[in-house]
Amino acid sequence: MADKIDISLYEKARIVVYGDIMLDRYWYGQASRISPEAPIPVVNVDQIEARPGGAANVALNVVALGASVELMGVVGDDQESRELETLLNKKSINCHFHRLNDHPTVTKLRVLGQNQQLLRLDFEKTLKHYEDKGLLQRYQHSLSHAQAVILSDYAKGALFNVTALIQRAREKGLPVLVDPKSVDFSRYAGATLLTPNLKEFEAVVGHCRTDQELESKARALIHQYRFEAILITRGKQGMMLIQKEGAAINLVAHAREVYDVTGAGDTVIAVMAASLAAGGDFYEAAQLANLAAGLVVRKLGAATVTVPELRRALHQITASHHGILSEKALLLAVADARAHGETIVMTNGCFDILHAGHVHYLEAAKAMGHRLIVAVNDDNSVRRLKGKDRPINSLQARMEVLTALRAIDWVVPFSEDTPARLITEVLPNILVKGGDYQPSQIAGGDEVVKNGGKVLTIPIKEGFSTSRLVEKMLN
């Protein structure tokens with residue numbers, strides 16, 4: 001598995017964004033009456049705003065995460081492009097525009113009444129072809145110090161040469177992420193990851209009645225066009241991640257309130273790129289992108305998400321699970337805790353019948369660091385270790401009791417006889433067991449020490465034993 005994502009590393013990432021650059025205008029006002037001229041609302045405009053859109057909004061999302069970005073694409077030689085460049089420069093985005101005299105900057109004007117979108121006017125002309133060797137040379141130069149490339153395709157023509165852009169980046173060993181609008185996915189052959197929404201995906205493969213059909217058709221595209229993965233965004237249904245190998249992964253949507261989905265796809269691909277650049281794998285990146293999407297749709301217009309917002313959301317999710325986490329969720333929480341400089345302590349056991357000796361031991365373990373992880377043998381694992389009459393309490397019951405203890409931050413189940421594999425994934429700063437073990441006997445201890453961690457033991461509180469308690473109960 002790839003190194004766990006430390007989102008503080010976003011600020012070290014350098015990302016190239018190439019695509020259809022737009023200017024988004026917003027006219028806000030009150031719509032309190034119907035026009036006498038036609039059955040349409042009259043909006044009394046009291047606020048006007050301009051924001052970067054399309055590929056420019058992707059670049060804004062990347063910068064909001066703390067990463068550096070170079071933005072490239074085609075605009076008109078007009079007031080809109082100059083206004084756009086001013087907005088982007090204020091956000092420290094390096095712009096490399098190819099200006100065309102006979103081509104307008106794509107502009108979208110949205111009219112809103114009481115913050116509800118009533119009308120959108122598009123000012124655009126699709127670009128068939130353009131020649132600019134200077135822009136291509138600039139792109140080639142930028143690849144030498146980039147960690148990822150985003151190609152933002154809104155089907156306006158800036159990516160007519162997308163095959164060459166993908167090829168040059170892949171030759172440099174860079175991941176290429178594409179937000180596709182074209183129904184011809186062969187154009188993106190060789191890209192690392194595609195992030196279509198469900199409508200865009202079904203426009204290519206046809207309607208999918210089940211998740212299995214969705215996965216099957218995505219996997220066929222992956223093999224046909226040499227993609228490494230496809231991430232399908234599905235609105236309220238969340239996301240589906242399909243990779244070359246392994247089963248598809250469904251991620252449940254996090255948004256409770258949706259104000260505006262404008263630009264949500266831009267946020268998703270920006271977080272995916274930053275996460276891959278920070279050393280994450282597709283699943284870890286998709287978890288964060290899914291979380292970010294849930295945050296951005298609560299905002300009005302094409303908005304962005306920041307690292308502090310992601311951190312807060314991560315902590316809220318951890319708290320909402322009452323300490324019981326899957327292995328994947330645990331690794332994400334640990335990475336975030338490490339980014340805060342926290343010391344991770346880990347222990348494990350069956351914890352079939354919790355007693356005062358356990359409480360004493362766990363409180364002593366927590367005192368060694370900031371976060372305490374308790375890995376718990378699942379029922380089959382306990383049965384193999386303790387016999388057919390154990391456990392007395394089910395895995396879920398044992399984990400719920402453990403989470404009630406103030407000393408414990410996260411509880412995670414494991415199915416093997418020992419948690420050695422899980423410990424190797426987490427690599428805590430301190431691995432702890434009871435005093436009846438020698439450090440050399442502790443599963444996973446060697447890997448922890450190799451990583452610079454410590455393996456420690458805590459004296460057992462005399463007079464307490466789960467096995468003796470069980471014997472008393474049975475007799």
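Just so it is clear, glycine is given a Cβ too, placed from its N, Cα and C backbone atoms.
Summarising the annotation, Swiss-Prot assigns region 'Ribokinase' to 1-321. What Swiss-Prot lists as ATP binding site is Asn197, Leu198, Lys199, Glu200. For Asp266, the entry in Swiss-Prot reads active site, with the evidence type sequence analysis. Residues annotated as region 'Cytidylyltransferase' in Swiss-Prot: 346-475.
Where Swiss-Prot records a feature, it is marked here on the structure.
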residue	record	Cβ contacts under 8 Å, 6 or more apart
Asn197	ATP binding site	Ile232, Thr233, Arg234, Gly235, Gly265
Leu198	ATP binding site	Ile232, Thr233, Arg234, Gly235, Gln237
Lys199	ATP binding site	none
Glu200	ATP binding site	Pro180, Lys181
Note to self: Using DSSP, what is the helix/strand/coil residue split across the region 'Cytidylyltransferase' (346-475)?
What the structure shows: 53 helix, 26 strand, 51 coil
Next item on the list: Tell me the Cβ neighbour count for Asp266 (active site), meaning other Cβ atoms within 10 Å of its Cβ, over all protein chains shown.
Entry: 29
Next item on the list: Enumerate the residues of the same chain, Asn197, Leu198, Lys199, Glu200 excluded, that satisfy the criterion Cβ within 8 A of the mean position of the Cβ atoms of the recorded ATP site; list them in sequence order.
Entry: Pro196, Phe201, Glu202, Ala203, Ile232, Thr233, Arg234
